[in-house]
Amino acid sequence: MFHIPQLIIDLSVMLGVAAVVTYIFRKINQPVVLGYIVAGIIVGPYTHPFFSIVDVSSVNTWAELGVIFLMFSLGLEFSFKRLAKVGVSAGGTAIIQIIFMLIIGIFVAKLIGLSHMDSLFLGCMIAISSTTIIIKALEELGLKNKKFVDLVFGILIVEDLAAILMLVALTNISLTSSVGGFDLLLAGGKLVVVIGIWFLVGIFIVPRFVKKVSQQKNNEMLVVVSIGLCLGLVALASYFNYSVALGAFIMGSIIAETPESHQIENLIQPLKDIFGAVFFVSVGMLLDPHAIVNNISSILIISLVIIFGKLISVTIGAIITGQTLPNALQTGFSMAQIGEFSFIIASLGISFKVIDNKIYPIIVTASLITTFTTPYFIRYSSNTSRYLEKNMPLSIRNKLTRYTSWFQRITVIEDKQKSLNKKTLQWLLNLIVIIAIFLIISDKFSPFIYNYIENKLIANIVAWLVAFSISSPSIWAMLNIFKIKYKRSFKNLIGKEVISLFVSRALTIIFIGILSLKFYPSPITLAITLIISILFLILFQNKMRIYYNWIENQFSSSYNTQNRSKPNMPPLYEQLAPWDAHLVEVKVPMNSFVIGRSILELNLRKRFGITIVAIGRGEQTIVSPNIKDIIYPCDTLLCFSTDQEIEIFKSELELSNINNPLTEITPEYELKRFFVNRGSYINGLSIKDAAISERFNCIIVGIERDNDRIKNPKSSHILKENDILWIVGEIKKLELFSNKI
C-alpha cells in the first residue's frame, strides 16, 4: 500500500465534509460561510474522532494561506480613490468605534470579574472586526457593489492599521507593565514609513513588471508572478513583525493600479475559494463545547456587547461623519463581529503569560457566535434600515438629511485646498523616501564601510554623503514643492502659501539634521555638513530638478496606467447623498435580455431608473455611450443608480440568464449544399438581392459552378442555374430555405 501524507487525508476529510454541509446550507438558503464553520465543528478535535483532523499544524498553514489570498483579492478590488471618497467618514467612524469598544470592553470585563490586564486585552480584542469574515459574507450575499461597502472597507483598513499599533502597545505593556507612549508613537511612525516605502517601490516597479509579463499572453505566467509578488511582500511583512494580511493587501492594492488587475483577480479566484474554505473550516475547529459550558455567561455577555456595541458605535460614528441613516445602519450591522486579530491579541497575551488562559476560548466562541450572526445581520440590514427610516419621526429624519447635506458641503474641497493637499502629500512621500534611505544606509551600509575605512568619522562622512546623494532629488523637492511659481508683491502673497513655504523648508532642514545625527555625534560637525549640503543643493538645483522630475514622471506613469484605462467620473456625484445614488459596475451575463440590444431599445432609465455612464469592453472603455450603442456579453456597465434600483436590475439580468440557459438557446448549425434549379426564385439574382441572410439568417460561404469553386463570394455575385451553393445556418432556417428554393 502506498503511503500518502496525512495532510492529504485531512484535506479530503475537511473538504468532503465541507462540500456536504455547504450544499445543505445552500439548499436551505443559508450563507455558505456558516456551512464552513459547521463543517469545522464536525471535523474539529472536540467532536467524534471519526472525522477528526490529525495534522492540525499543516491545516493551520493552509488556513493562513486562506487569509493571505482573501486579503490579496481584497487589495485587487481596492482603489485609493474609493478610499479617498470615504476617507474622512471611514477614519472618523473607525476611531469612534475603537475608542467606544475599548472603554465598554474594559468596563464589562471588570463587571465579570476579570483583572486589569485581562480587561485591557479584552477591550482590544473586541475593538477590531474581522476583515476576512466580512469580505466573505459580502461577497457571498452579492453586496460588494453596494454604496455602504466602500465605507465598510475603509473602516476595516483603518482598524487593521490600529490593530498593528495595538499589538505593539500590548507587547510593550506585557514586557514593561507600562503604556510607553513614545514607543507607541515610534511604532506608528515606523509603520507609516515601512508601508509608504513598500507602496512607493511597489508602484514604481510592479506595474511595469506585470505589464511585461502580461504581454506574453500566458495566464500561467501571470498567476505565478502575481502569487510570487504577493507572498514576497507577505514574507517581508512578517520580517518586520507586521501582519501577513497587511502585506497581502498592500501588494493587491499595488497590482490593482495595473490594467491587468481584473484578469489577475479572475485567475486567482479558485485559489482564494479553496484556501478561504480551509480558513473558515479551521475557525470552526476552534470551538470547544466544554469551554462554552464552563464560561457560557461570560461568552453571551461579551457576544451581546460586541454585536450591540459595534452596531451602535459604528452607526453613530457614520452618521456623525456625514453618512445617511441607511448607509450608517448597514455599515453598523456589517461590522458587528470579531475575528482573526482578536485571536492574535489573545495568543499574544497568553504567550507573555499576562492574561488568564480562559480568555482564549471565551473570545474564540464569541467570535464564532458573531460570525454566525454576521451574514444574517448584513442580509436584513437593508430592510431594517428602510423600516427605521420609514417609521422615524419626520422632524428627526429631516434633521438627519439636512445634517448629512451640510456635512457633505463642508467637506467639499476647493481647488486651492486640493492643490495644497496634493503638495503636502508629495512632501510627506519624499520625507518617507529620505527617512528610508538614511536609515538603510546607517544600519546596513555603514558597517560595510567600517571594514575598509578605519577612521570612524571619515567612514561616517562617506556613508552620509552616499545617503545625501541618493536622497538629494527628494530633498530638493521638499525644499521647493511649496515654492510660489508666479511673481507678485509680498503684500499680495496669500498667507497659507508663505507659511507653507517657510514651514516646509524649516521642517526639511530639521528632519535632515535629525537623520544626520545617526552619522555625526558632534553638533558642530553636523552644522557644517548641513551648510555644505544646502550650498550643494543651491549650486546643482537645476540638475536636481531634472532628476526629480524624471523620477516623478516615471512614478506617475506607473500609478496612472490603470486610471487612464478607466473613465473619468463626474466629480460631484458623491454629493447626492440624500438620494443614495452612486456608480456601480454591473457585469452582463452571457444570456441576459440586454444582449444585442441598444441603450435606446432597453430604455433602462425609464424601466429601472438607472443611467449607463460608461461601457467597459475588454481593454476599451466607452465613456458616455451613444443611445445606439449595442450591449454585448461580458460587457461591464457603469451605472448611476441607487442600491435598490441596481438590485432590481441585477435580479432581472440574472433571471433572464437562468430562464435562457445556453443549452436551450444555442441553435444547432450546419453546413449544407443546395442546387439552384431553373425555376428557383434566386436564379439570376445577386446574393444581395436574394436576401438569404436577411430572410433566413443564413450565409453563402461557397459556390460551385462547373469546375470552379468560389469561396466567400461577394454580395454582387449573380446566382445561376446549376450552381451548387454551400450555406451555413441554423438547421431549422435551412429547412425553411430548402422549402422556398
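Cβ atoms here come from the backbone N, Cα and C positions, even for glycine.
Per-residue pLDDT, averaged across the domain 'RCK C-terminal' (571-655), gives 76. Residues annotated as domain 'RCK C-terminal' in TrEMBL: 571-655 (among others).
Here TrEMBL flags 659-741 (among others) as domain 'RCK C-terminal'.
Remote same-chain partners of the transmembrane segment (32-50), defined as residues 6 or more beyond its termini with a Cβ less than 8 Å from a stretch Cβ, comprise 13-14, 17-18, 20-26, 56, 133, 136-137, 140, 277, 280-290, 368, 371-372, 375. Residues or ranges marked as transmembrane segment by TrEMBL: 32-50 (among others).
Sequence annotations record features per position, and here TrEMBL assigns transmembrane segment to 62-80 (among others).
Long-range contacts of the transmembrane segment (92-114) within its own chain (CB-CB distance under 8 A, at least 6 residues past either end) are made by residues 120, 122-128, 151, 154-155, 158-159, 162, 297-298, 301-302, 305-306, 309-310, 312-314, 316-318, 320-321, 323, 331, 335, 356, 359. For 92-114 (among others), the entry in TrEMBL reads transmembrane segment.
Annotated transmembrane segment per TrEMBL: 120-139 (among others), in sequence order. Here the transmembrane segment (120-139) has Cβ contacts under 8 Å with residues 31, 33, 66-67, 70-71, 73-74, 97-98, 101-106, 108-109, 114, 146, 149, 152, 155-156, 159-160, 162-163, 166, 170, 173, 245, 276, 279-280, 302, 305-306, 309-310, 334-342, 345-346, 349, 354-355, 359, 363, 366-367, 371, 374-375, 378 of the same chain, all six or more residues outside its ends.
As annotated by TrEMBL, transmembrane segment applies to 151-171 (among others).
Under the heading transmembrane segment, TrEMBL lists 191-210 (among others).
Per TrEMBL, the feature transmembrane segment maps to 222-255 (among others).
Here TrEMBL flags 267-287 (among others) as transmembrane segment.
Annotation comment: TrEMBL describes 299-320 (among others) as transmembrane segment.
Sequence-distant contacts of the transmembrane segment (424-441), counting only residues of its own chain at least 6 positions beyond either end whose CB sits under 8 Å from a CB of the stretch, comprise 192-193, 196-197, 200, 463-464, 466-467, 470-471, 474-475, 477-478, 481-482, 504, 511-512, 515-516, 518. According to TrEMBL, the feature transmembrane segment maps to 424-441 (among others).
As annotated by TrEMBL, transmembrane segment applies to 461-482 (among others).
What TrEMBL records for 520-540 (among others) is transmembrane segment.
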Close approaches to the transmembrane segment (222-255) from elsewhere in its chain (Cβ under 8 angstroms; 6 or more beyond its ends): 64, 67-69, 71-78, 80, 131-132, 157, 160-161, 163-164, 191, 194-195, 198-199, 202-203, 206-207, 209-210, 213-214, 261, 263-264, 267-268, 271, 340-341, 344
Counts by DSSP class (helix H/G/I, strand E/B, coil) across the domain 'RCK C-terminal' (659-741): 24 helix, 27 strand, 32 coil
Tally of residues which DSSP labels helix, strand or coil - the domain 'RCK C-terminal' (571-655): 28 helix, 27 strand, 30 coil
